[in-house]
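Under the heading transmembrane segment, TrEMBL lists 133-153, 173-189, 195-212, 256-275, 281-301.
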Amino acid sequence: LQRAEDFGPVEVISHWHPNLTINMVDDHTPWVKGSVPPPLDQYVKFDALSGDYFPILYFNDYWNLQRDYFPINESVRRLPFRLSFCPLSLWRWQLYAAQSSRSPWNFLGEDLYEQSDEEQDSVKVALLETNPYLLALTIVVSIVHSVFEFLAFKNDIQFWNSRQSLEGLSVRSVFFGVFQSLVVLLYILDNETNVVVQLSVLVGLLIDLWKITKVMDVRLDREQRVAGLLPRPRFTDKSTYVESSTKVYDDMAFRYLSWILFPLLGCYAVYSLLYLEHKGWYSWVLSMLYGFLLTFGFITMTPQLFINYKLQSVAHLPWRMLTYKALNTFIDDLFAFVIKMPMMYRIGCLRD
């Protein structure tokens with residue numbers, strides 16, 4: 001009803017699945033009425049007179065994937081149908097029943113449950129169609145990726161938290177990193193992406209936002225408010241950054257960089273608008289910015305490289321974080337093939 005109000009009348013279309021699996025639960029437990037734990041209690045039916053329970057029949061649709069359903073109407077004359085009838089052990093029945101049950105207290109809305117159906121299907125497809133060795137490799141790769149990601153985040157925070165001087169570090173690159181992380185996060189949220197990837201990008205964005213407070217003095221101007229409500233943030237360069245030659249080199253590098261980046265951005269925006277397909281203007285802006293960062297993002301490293309060249313030193317860089325990031329790029333290459341993510345994000349993993 002809510003969707004009909006938002007989007008207009010919707011047509012309910014019947015769907016058919018060719019598989020029906022009926023399991024007879026092979027169980028001899030002396031259950032007593034009222035003592036059967038949920039969610040099994042909804043399947044055990046007791047006789048009102050004797051107190052005995054009937055043989056447990058379980059209609060098992062756990063392996064019926066969403067993609068295998070197809071729509072039917074009065075024009076369909078023949079339908080495939082495969083019936084499987086077999087026994088099922090108690091512990092496997094408990095697993096199926098627990099996976100199929102849903103909480104009656106649905107506070108989270110239907111959209112989240114629809115998304116969880118897609119996530120569950122992706123897991124089922126991985127279990128059904130993936131080679132066992134590749135499946136084991138996927139699990140190992142996911143764990144190693146998470147560990148390296150955590151270590152990179154931890155050392156990045158430690159480096160910036162303990163940093164007293166900003167000499168040799170590109171402050172402008174920190175702000176550009178925030179913009180880049182925000183574009184990536186919005187892009188993967190606009191496309192179907194694994195939750196692990198979304199959380200990883202979100203944590204990276206929060207750390208980049210926190211870095212701003214370490215590289216600049218941030219204060220809230222309560223006299224001049226944004227839209228008359230929120231205090232306006234004021235950013236001023238730290239003294240260790242202003243007094244060093246790093247600021248001169250940083251400004252010089254970004255000035256030269258803007259001469260290249262902005263014309264390329266304009267050309268890529270026109271190309272994306274004319275030759276690529278998009279869901280809407282919002283998706284066009286996100287995919288255009290992300291595609292531009294993907295293609296020319298390596299140019300954003302040049303300010304730090306320029307500063308390193310001018311100072312003739314790299315001792316000021318966060319080496320531990322860079323090491324874990326470098327190791328994680330090789331893990332990401334495997335990660336990109338086994339985890340659900342947009343094609344452009346997958347290319348970005350291989351590009352790194």
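Even glycines carry a Cβ here, placed using N, Cα and C.
Automatic, uncurated: that is what TrEMBL annotation is.
Using a Cβ-Cβ cut-off under 8 Å and counting only residues 6 or more beyond its ends in the same chain, the transmembrane segment (256-275) has close neighbours at 284, 287-288, 291-292, 295-296, 299-300, 302-303.
A Cβ distance under 8 Å defines the sequence-distant neighbours of the transmembrane segment (133-153), meaning residues of its chain 6+ beyond its ends; these are 126-127, 196, 200, 203-204, 207, 320-321, 324-325, 327-328, 331-332, 334-335, 338-339.
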